[in-house]
Structure formats: C-alpha cells, structure tokens
2 protein chains.
Amino acid sequence: METLNGLKRTHYCGDLREANIGAEVVLMGWVQRKRNLGGLIFADVRDRQGIAQIVFDTEVSKEAFEKAEKLGSEYVVAVTGKVFERQSKNPNMPTGDIEVFAQELRILNEAATPPIYIKDDDDVSENLRLKYRYLDLRKASMQKNFILRHKVGSIVRNYLSENGFLEIETPMLTKPTPEGARDYLVPSRVNQGKFYALPQSPQLFKQLLMVAGMDRYFQIVKCFRDEDLRADRQPEFTQIDCEMSFVEIDDIIGIMEEMMKKIFKDALNVEIQTPFVRIPYKMAMEKYGSDKPDLRFGFELVDISEEVKDCDFKVFTGAVQSGGSVRGINIKANADSFTRKGITKLEDFAKTYGAKGLAWMKYTTEGITSPISKFLSEETLNAITEKMDAKEGDLLLFVADNNKVVFDSLGHLRVEVAKQLEILDKNEYKLAWVTEFPLFEYDEEEDRYVAVHHPFTAPMDEDLEMLETDPVSVRAKAYDIVLNGFELGGGSLRIYNEELQKKMFKSLGFSEEEAYEKFGFLLDAFKYGTPPHGGIAFGFDRLIMLLAGEDNIRQVIAFPKTQNATCPLTEAPSFAEEKQLEELGIKVVDEEK
Amino acid sequence: METLNGLKRTHYCGDLREANIGAEVVLMGWVQRKRNLGGLIFADVRDRQGIAQIVFDTEVSKEAFEKAEKLGSEYVVAVTGKVFERQSKNPNMPTGDIEVFAQELRILNEAATPPIYIKDDDDVSENLRLKYRYLDLRKASMQKNFILRHKVGSIVRNYLSENGFLEIETPMLTKPTPEGARDYLVPSRVNQGKFYALPQSPQLFKQLLMVAGMDRYFQIVKCFRDEDLRADRQPEFTQIDCEMSFVEIDDIIGIMEEMMKKIFKDALNVEIQTPFVRIPYKMAMEKYGSDKPDLRFGFELVDISEEVKDCDFKVFTGAVQSGGSVRGINIKANADSFTRKGITKLEDFAKTYGAKGLAWMKYTTEGITSPISKFLSEETLNAITEKMDAKEGDLLLFVADNNKVVFDSLGHLRVEVAKQLEILDKNEYKLAWVTEFPLFEYDEEEDRYVAVHHPFTAPMDEDLEMLETDPVSVRAKAYDIVLNGFELGGGSLRIYNEELQKKMFKSLGFSEEEAYEKFGFLLDAFKYGTPPHGGIAFGFDRLIMLLAGEDNIRQVIAFPKTQNATCPLTEAPSFAEEKQLEELGIKVVDEEK
C-alpha cells in the first residue's frame with residue numbers, strides 16, 4: 001500500500017468534462033471495473049461525483065501499467081494523468097467525452113471481493129444491504145440521495161435563517177411526553193430509579209422559547225417514538241421544527257409555502273405555484289376520503305345517499321338508514337380497463353379497509369351494466385349517473401357503510417385505481433393544506449376524548465362555545481401540509497392563555513391536579529406573559545424520500561433500523577454489561593418469568 | 001385579552017433608528033417598564049432585538065392611553081404608532097434617538113409578577129434561573145448568546161457546505177462505545193433485555209461514511225456522556241464533527257483554520273491570522289505545562305534540573321535523582337506584585353495540583369531574595385538566573401517533583417498568576433494546534449495501555465516500529481486546536497489498514513476475539529477498500545461560550561442540566577410508570593438493598 005505523501009486531488013472523477021481536455025489531473029477513488037483491450041488497460045474510477053475512465057498505456061507509463069494489472073474491484077487508487085478527448089464517446093456517461101491517460105498510479109488500499117455489487121440495480125435483500133451499508137452507500141443512487149438530503153437541509157436552514165428564525169437546540173434527555181406515543185426511556189445513574197425520556201418532538205420547549213421571547217425558532221432535529229414500525233416509520237426520525245410568535249395561520253402558511261417553493265426550485269429545479277390550495281378537513285374527507293389527499297388525479301368521492309335512500313337495494317338503504325352513506329367514485333373513461341376479475345380484485349382491496357363489498361356499474365354503449373341494476377329503478381339509475389356525472393365508457397364504484405369505512409375504503413381505492421392505471425406521475429407535485437381539523441377525537445380504548453394534534457392546539461374562535469357541550473364538533477386552528485397523498489407536516493396555533501389551556505385539559509378528562517402534574521411548568525410559564533404563537537413540523541425523512549422519488553424512507557437514512565428496530569451493521573441493540581446495569585440501579589427481568 | 005386579528009408587525013423594537021423617523025410602525029413585545037411623566041405614559045417595549053420607548057399621549061389616542069394605564073411588567077402588547085425623534089436622546093440605547101407615539105395599543109396577554117427580574121445583572125441563584133428558564137432567556141445577554149450561537153452554526157454549515165462537506169445524520173440509538181466514557185443506555189422494548197447506547201460521538205459512523213465514499217462529512221450533532229459533571233460539562237453536548245477522505249494532516253488543518261478565521265470574522269468581526277502556530281505535545285508540556293496552553297502571555301516553564309542537580313537543596317536534587325525535574329516560571333517585572341502572603345497562596349494553589357511546595361526567588365535591587373538561597377552556591381544562583389533570564393524586578397517560582405506534577409502545578413500556576421495580575425484579555429484570541437500527541441497512555445486502574453485519543457488514531461509513520469516494543473513513545477497523527485487555554489477540538493488521521501488496526505488493538509491488550517467482538521464491523525469494513533481519511537470534532541458549546549465571552553457553558557445552552565444532571569424546569573429525570581418498565585422488561589432495583 002502506498003501513501004498520499006503530499007499528493008492532492010485536483011478534481012472529482014465525476015466532474016470531468018470536455019472543458020478539462022488537456023489538463024493534468026489528480027483523481028482519487030475506487031476501481032469500479034477494469035478491462036484489457038488492445039494492449040491497453042481501461043479502469044473506471046469512481047468517487048462521490050461519478051466515474052471517469054482511466055487508460056493505462058505502456059507508452060505513457062510502463063510502471064503505472066504494470067501496477068494497473070494488479071487492480072481489482074473496489075481498490076482505492078490515486079491517479080495522476082492528462083485528460084484527453086475520448087476515442088469512442090459514451091453519451092450515457094456525464095464524463096463520456098473524455099478519458100484520462102495515467103502517468104502515475106498509486107494503490108492506496110486493496111479490497112476483498114465485496115459481498116454486494118456496487119451498482120444501483122443489484123437485487124439483494126435489504127438486510128444484506130444494511131449489514132454492508134458502507135458498501136450499499138457507495139451506489140450512485142444512494143450518494144445522490146444524501147447529496148440531495150444535505151442540499152435540502154442547507155436550503156431550509158438558510159431560508160429560515162434569512163427569515164429571522166434562530167436554530168436553538170432543545171434537550172434530548174428530557175421528560176416523558178404526556179399524551180404522546182410511547183417514549184424511549186433512559187435510566188439515570190446519578191438519580192437512580194428515575195428516567196429521562198427521549199423527545200417525541202421539541203413541542204414544549206419550542207413553546208417555552210416563544211414564552212422566552214426568542215420570537216422565531218427552528219431546528220432540524222432528531223425525534224424518537226417507540227412504536228411498532230411500519231414501512232415509513234423509524235424509531236428515530238428527523239423533523240424540521242418551527243415556531244413563531246405574534247402570528248396567525250396565514251403568516252405561518254405564507255412563510256412555509258415560500259420555503260417549499262424554494263426547496264423545489266433549488267433542489268429539483270421545479271417551479272411550484274403558491275398559494276397552495278386549502279381544503280378543510282371535512283371537505284377532504286368527503287371529496288377524497290382522506291385527510292392527506294393525492295390531488296394529481298380526479299376520481300373524487302360523490303355522495304349518492306340521497307339518490308338511493310329509497311331504492312330496493314338493502315345494502316344501500318341499510319347504510320343510509322343507520323346513519324352511514326353510499327358514495328361512489330367515477331373512474332372516467334376506464335370501463336374497459338377493468339375486467340370482472342379486475343373489479344373483484346378492487347373489491348378485495350376495499351375490503352381490507354373494512355368495506356363489506358364493492359358495488360359497480362359500467363356505462364357501456366348499451367347503457368348501464370351492473371350486478372345491482374336489477375334493484376334500481378330507471379329513475380334511480382338516472383339520478384345516480386347524473387350525480388356521478390357518468391358518461392359512456394365510465395366505471396362507477398360504490399361503497400355503502402358508516403362514513404368512516406366509506407371514506408377509508410373509497411379513499412384508498414381511488415389511489416389504488418390510479419396506481420393500476422399508471423396515471424401517477426412522480427415528477428408532478430401537488431401541494432395542499434388541509435385545515436380545520438377536529439380538535440378532539442374519541443379514544444375507545446381510553447374511553448375519553450384525546451387531542452387529534454396535541455393538547456396545546458388552539459380551538460377555532462367560532463367553536464369555542466362547544467368546548468364543553470359538543471367537543472367532537474370543535475375545530476382546531478390546525479393545518480397539515482400534504483404532498484401527493486403524503487402528510488409532509490403539520491402544525492397549529494397554540495393556546496397561550498392559562499384559562500383556556502386548563503379548560504382544554506378538562507375536556508381531555510384531566511383533573512386540575514393531573515393537568516398540573518403533567519404540564520405544570522407550561523401552565524406556570526403561561527402566567528408570565530405568553531405571546532400568541534404557533535408553528536409547524538415537517539417530517540424531514542419523508543420530504544427527502546418524496547423529493548428523491550424513493551418509495552422507502554430507509555433509502556434516505558444513512559444507517560436506518562429494520563422493522564424490528566435493530567441495526568444489522570452494528571447489531572444494536574445489544575446486551576449490557578452487568579456492571580453498567582448495577583450503576584444504573586436497574587435489572588433485566590428474566591424473560592422466562 | 002385582545003387578538004392580532006390580522007395585525008402584522010412591521011419592525012422589531014430594537015431595530016428602530018433615526019432613519020425610521022416618520023414611519024408608521026407596528027411593534028410587538030413585552031413591557032420592560034412603564035412610568036408616568038408630565039401627563040404622558042412612557043413604556044419600554046422589548047423584543048428579541050432590543051427595546052423601544054413608546055409614548056402614550058391622550059392627544060394622540062385617549063383609548064390607547066387609558067389601556068396603557070393598566071400595563072404591568074411583562075405584559076404582551078402590540079403597538080401601532082409613529083416614530084418621532086426623541087426629545088431627550090439616550091446615547092446608551094441603540095434606539096435612544098427615537099420614540100414611538102402610540103395610536104393603538106392591544107394587550108395581547110397579561111403577566112403575573114415574574115419571580116426573577118428580566119435584567120442582566122439580576123443576582124439570583126442559578127437554580128432559580130433554570131427553573132424559570134423561559135424568563136431567564138428573556139434577558140438581553142441571553143438573547144444575544146443564542147443569536148450568536150445560531151449565527152456561528154450558520155457560518156460553520158455554510159463554510160463546510162461550500163467546501164464539499166455533506167451533512168449526514170448518524171444514529172442516536174446505537175451500540176455502546178468500546179474504550180469510551182460511560183454510555184447512556186436505552187432499553188429496547190422490541191428486543192427485551194437488550195439496550196441501545198446514545199452516541200459519545202459519531203466516530204465509527206463517520207469513518208464508515210468515508211469507507212462508503214461520501215468523501216467529506218460533517219454534522220453538528222448531540223453527543224452524550226454519563227460522567228460526573230464539572231463546570232463546563234453537560235450530559236448532552238454538541239459537536240461540530242467532520243471527516244475527510246484522501247487527506248493528510250495539513251489538508252485538515254488548513255480547512256479548519258480557514259473555518260475558524262471565517263467564524264471570528266463573520267461573528268465577531270475579529271481578524272485572526274493563519275496559519276496558527278503548531279506546538280508538538282512534548283514542547284507544549286515543557287513550555288506551558290499543559291497540552292492546551294494559553295498563549296496570551298509568557299511565564300513559560302524553564303527546566304533548571306541541570307543547573308541544580310548537584311546543589312545542596314535536597315528537594316531539588318531529590319527530584320532530579322528520582323527521574324523528575326526542577327522547573328520554574330519567571331513572572332517578569334512582578335516581584336512587587338506578590339507579598340509573602342500572596343506567594344503562600346500561590347503555593348497552596350500549586351499544592352492542589354500535587355506539588356509538595358513552591359520555591360521562589362525575588363530579584364530585587366539587593367540581588368536575590370529567597371528562602372532557599374542559603375542552600376545554593378552563588379554559581380548555582382547565577383546559573384539559575386541566567387537560565388531563567390531573570391532581571392531585576394522579576395519573581396521566580398519553582399516546583400521540583402516528578403514531571404507530571406511539575407507540569408500540572410506550574411502549568412496551572414502560570415495561568416493563575418496571569419489571572420491575578422489581570423493581564424488576560426477576553427478579546428484577544430490566541431489559537432494554536434498541539435500536535436504529535438502520544439498514542440497511548442498507561443491506565444493504572446485497568447493495568448494496560450489505553451488510547452489517548454481513541455483506538456482508531458494512526459501512529460506516526462516514523463514511530464511505527466515502536467508499536468510493540470515501546471508503546472508509550474509512539475506519537476499519534478493527532479492534533480488538538482487550542483484557544484486561550486481551552487481545548488476547542490481535536491482530531492486525527494485514522495488507521496485505514498486492517499492489519500495496523502489489529503496491531504493497535506493488540507497493543508491495547510485485546511485478544512483478536514475481543515477486538516472483533518467490540519469493533520468487528522469496522523474491521524470488516526476495512527477489508528473492502530478504505531480510503532486514507534481523518535477528521536476533527538469541535539466542542540460547539542465551548543466554542544460559543546468563548547466567543548460569547550462567557551465563563552459558564554450553561555450560558556449558551558437553552559435548557560441545560562445542573563451538576564447532578566437534572567433539569568429544574570421540567571424536573572427531568574422522573575419516575576417511570578410501572579407499565580412502561582414492564583413493557584421494557586426492566587425493573588428498578590430497590591435502593592435499600
């Protein structure tokens with residue numbers, strides 16, 4: 001192995017272009033592949049920016065050529081040479097117009113045969129990829145993702161900084177989050193028997209920073225939730241967390257829209273239009289069956305309860321009579337895209353969201369074809385087709401049930417149909433705000449109301465009176481930002497009045513003592529001059545995933561955990577030493593017990 | 001209480017200047033104080049940027065005046081008004097040239113009498129300040145510290161970004177650090193009986209990112225150490241963490257010097273000179289008795305062992321004979337600054353660092369005055385004064401002991417003397433690199449060598465041969481950056497060769513199995529093409545503390561912990577619920593046991 005000994009890189013391999021022809025360069029990187037051809041040796045050398053073709057020619061340097069014969073895949077090299085126009089250009093490579101004739105080669109390190117290939121289309125198990133993450137990250141696609149992640153982080157930080165936000169760090173070792181998900185606990189050694197919690201978000205601290213007069217706060221910060229993992233969840237995740245004083249909803253939305261605009265422009269060179277559409281929660285559910293609607297396509301939900309409430313089809317009338325509804329979506333001009341078998345598959349899909357069945361109609365040249373048409377009078381059929389704006393060639397799909405099931409199944413179904421029809425364009429970005437969320441929802445398990453966002457969210461002024469009489473009808477000063485069917489983030493104006501906050505806790509079923517025990521320091525803080533304030537938090541990992549066009553959040557996290565919260569690379573978590581547990585004053589309970 | 005209802009702030013209070021005279025402004029902030037004078041009400045309104053004087057005049061608005069009568073300290077207000085030139089200007093206030101005549105006043109929130117005053121010189125206990133941190137942070141000095149902290153973070157991020165560094169997040173829930181300080185552990189629920197550790201630094205991950213070809217990495221990142229706290233230590237602290245591939249020491253030092261230069265210029269408008277002086281560890285100890293020398297003043301250590309080795313003063317000769325040394329510092333032109341009593345106090349100080357006594361000489365007009373001169377021949381005295389470059393008016397202080405005690409006591413003594421003489425200028429910044437650290441030190445407790453930096457630090461090439469024969473003499477490719485007696489950061493070139501890394505582990509007393517168990521995945525990674533790499537980490541909190549001219553790290557951390565690792569505000573850590581411990585499969589051991 002040789003050393004650098006003062007040798008300095010002049011260019012990244014991947015940055016070389018025609019303009020560099022004639023230049024003497026020093027490149028450093030990894031051997032992607034090597035081949036002998038016509039007495040020459042060609043080696044593709046790779047670094048973070050891309051690949052350059054190096055030519056070893058005995059007539060340029062016999063010594064370099066002889067060393068090059070020893071090169072294997074993933075050897076680490078330093079090459080000194082001159083850039084030439086390439087004989088046979090490769091238009092598929094950014095550096096395809098040039099090649100570098102090597103004057104000197106240093107082998108800085110050797111490499112054993114890697115257990116996974118360093119190429120994007122390598123089809124190995126994700127577990128193996130995570131075990132050898134340091135090799136997996138060498139892939140061009142992964143390097144691109146992390147360059148993008150860095151870039152978006154920079155854009156966000158600079159934008160917020162220019163707009164008067166201060167990045168202020170909040171504690172990682174803190175107090176359990178009341179009313180949140182499950183916390184990660186950290187046993188204290190100095191205060192034996194007590195525990196810190198890792199933060200689920202800096203919510204309380206950022207509100208305290210507003211009480212502290214910091215005016216505008218942000219942080220790109222790790223948060224933690226000990227929940228069972230789904231595809232796009234990680235035990236630790238990153239938030240862009242913001243809070244502002246002396247603002248109302250429009251101020252926050254305005255600043256955040258400009259931020260999104262800047263991210264899309266500077267990171268992807270995509271122009272997005274502001275202001276984004278704002279959809280009240282109720283409308284989002286009624287039109288899209290979802291509070292995070294994908295707006296890239298239609299197939300909106302239509303309520304036909306009124307039209308069918310007196311028909312002979314018991315499934316429909318039963319749903320309406322028991323307080324539910326019958327709703328449909330019109331898959332415009334796609335009657336022929338789905339066979340009966342295809343529709344049965346859609347029905348199976350809808351059933352996974354609780355639907356008992358899926359009624360359908362095809363509007364053919366012969367009129368309506370449908371297994372349920374026999375239950376419906378011509379008048380009813382006409383009313384339905386009119387309400388659904390059905391034309392020849394359309395496919396109509398219906399679900400009748402309670403509203404929750406209708407929304408959930410049709411909401412997912414419209415996306416599923418769009419996927420099957422391949423009409424979703426990854427490069428189209430439809431951003432929207434969903435507003436006027438309900439403040440409370442009823443928690444069956446706990447048998448009480450819980451906060452939809454969190455207990456510090458302010459109710460809408462016009463609904464204040466219902467706080468005690470009709471909590472579920474109270475809407476919140478809350479807003480989510482939605483992109484292509486994903487929730488990118490959400491926030492709210494906060495309660496900044498001690499009395500209102502106490503009333504809120506009461507609605508959540510806390511006695512004054514309980515409220516004080518859980519949130520005492522916040523209630524205390526509210527006494528001493530709290531400004532009106534509000535904020536928002538974005539899921540940074542998910543944002544990057546969508547910007548990178550990835551389907552999996554682990555593609556944009558350098559060292560993610562698996563679904564069972566382990567790291568195949570480091571084998572974390574692991575057993576602790578007895579001595580350490582003793583110092584902490586804790587014991588592992590025997591599993592067999 | 002009134003609401004904003006569309007009202008928008010036009011200016012920060014503290015930003016108003018003469019140029020704003022005549023402008024209609026909307027200000028929002030807190031009432032610092034209020035007074036009635038000549039039929040007018042004057043209120044100082046404060047926001048993040050400073051204070052503006054608001055005048056309430058019945059002739060401008062009777063309604064505003066009447067509301068203003070109700071204002072109390074720390075009330076939250078919105079004021080609409082017009083900027084006028086002030087009648088009696090206040091040159092001590094940045095906004096002292098203007099005042100705002102209020103047309104409208106809205107009281108956005110009231111405030112109870114705060115338990116601490118919102119002014120910088122308020123002399124309350126730190127515990128009370130931390131309990132009401134949201135009030136403490138309202139102080140101008142604290143706001144200034146966090147604005148500075150944000151600014152330096154921005155400068156660092158943008159500088160590193162422009163120099164090709166990618167900010168890549170590394171895991172918080174990870175594996176225990178072998179060979180480190182005590183870890184914070186996080187019990188795993190999904191993998192009961194196992195624990196994550198919070199990172200002491202992202203060391204292994206940043207090296208893996210270099211193996212992954214990310215080329216240049218950085219992160220401003222929280223790290224954790226469960227150690228007993230000293231004044232400038234916190235359980236969680238923030239590092240500027242960097243790593244680079246294909247570099248040598250000069251490359252890293254060069255990039256970091258420019259970064260420091262930029263920080264001082266852009267944050268403090270202070271020009272610092274590059275390159276910084278580089279002092280090998282051995283020289284630092286011999287000249288300053290410290291590996292983090294304060295270079296703002298002289299009083300350098302001088303070895304007089306040779307001069308006194310044959311004298312009649314047993315304390316001196318004994319130290320030399322047993323392998324130690326006799327060294328002194330010359331407190332130039334300050335013989336009169338210290339009385340005998342003052343010198344006795346210095347001796348007491350030296351004793352806290354292990355010195356058995358402090359010998360001294362004053363060079364007066366009558367020659368040398370010293371309790372030990374009777375033991376020294378004139379020849380010896382002359383040799384000493386010559387070696388010490390002593391002139392009339394100088395005070396010489398000596399310690400004789402083993403080198404560790406001599407360095408430690410004289411090193412601290414020279415700083416203590418400088419403090420007492422008040423020659424330390426907070427606005428003078430002396431930056432230096434200390435290099436060529438020893439690779440190992442002997443750990444009495446563990447009875448083996450341990451790594452001074454960490455086990456991945458590369459030995460100097462010229463010392464490689466001593467790795468097995470004479471480990472303590474091996475110097476490392478390590479460097480610390482030092483500012484005015486504080487270690488700001490440190491780093492090293494890393495071992496990137498599997499064989500050398502194995503040899504290193506062997507020197508640390510690990511069997512091959514142990515080494516593999518502790519560092520297996522790093523050793524594995526080294527097989528597959530590891531580039532030469534190295535890095536550095538800066539203590540961000542300490543850097544900000546020094547830039548802010550603060551003496552205490554808690555002044556630059558928004559929500560710090562006390563010395564016993566608790567938070568007086570949130571009362572973290574706290575007891576966990578039994579259910580949660582059950583889910584984690586752990587138990588608190590009864591304290592009484």
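Cβ coordinates are placed from backbone N, Cα and C, and glycine is handled just like the others.
Unlike curated entries, TrEMBL annotations are predicted automatically.
From the candidate list B:ARG129, B:ARG133, B:ARG494, the residue TrEMBL records in the L-aspartate site shared with B:GLU179, B:ARG225, B:HIS453 is B:ARG494. Among the residue ranges B:203-206, B:219-222, B:315-318, the one that TrEMBL annotates as region 'Aspartate' is B:203-206.
B:GLN234 is the only one of B:GLN234, B:GLN501 that TrEMBL places in the ATP site (with B:ARG225, B:ASP226, B:GLU227, B:GLU487, B:GLY539, B:PHE540, B:ASP541, B:ARG542).
Within the same chain, residues at least 6 positions away in sequence whose Cβ sits under 8 Å from that of B:PHE540 (ATP binding site) are B:VAL152, B:GLY153, B:ILE220, B:PHE237, B:THR238, B:GLN239, B:ILE240. Listed by sequence, the residues of this chain that lie at least six past the ends of the region 'Aspartate' (B:203-206) yet keep a Cβ under 8 A from its Cβ atoms are 170-171, 174, 177, 217, 219, 241-243, 454, 456, 519, 521-522, 535.
Checked against B:GLU227 (ATP binding site), the binding-site residues B:GLU179, B:HIS453, B:ARG494 differ in C-alpha distance, with B:GLU179 being the nearest. Largest Cα-to-Cα span within the ATP-binding set B:ARG225, B:ASP226, B:GLU227, B:GLN234, B:GLU487, B:GLY539, B:PHE540, B:ASP541, B:ARG542: 20 Å. Taking Cβ-Cβ distances under 8 Å and a sequence gap of 6 or more within the same chain, the neighbours of B:ARG542 (ATP binding site) are B:ASP232, B:PHE486, B:LEU488, B:ILE553.
As a summary of secondary structure, the region 'Aspartate' (B:203-206) carries 4 helix, 0 strand, 0 coil according to DSSP.
Cβ neighbours within 10 Å of B:HIS453 (L-aspartate binding site), excluding its own Cβ and spanning all shown chains: 21. Calculated from their C-alpha atoms, the gap between B:GLU179 (L-aspartate binding site) and B:GLU487 (ATP binding site) amounts to 21 Å. The Cβ of B:ARG494 (L-aspartate binding site) lies under 8 Å from the Cβ of B:GLN207, B:MET210, B:PHE456, B:THR457, B:ALA458, B:HIS533, B:GLY534, B:GLY535, each of these being in the same chain and 6 or more residues away along the sequence. When every Cα pair among B:GLU179, B:ARG225, B:HIS453, B:ARG494 is compared, the largest distance found for this L-aspartate site is 23 Å. For the region 'Aspartate' (B:203-206), the predicted model reports an average pLDDT of 95. Reduced to three states, the DSSP call for B:ARG494 (L-aspartate binding site) is strand.
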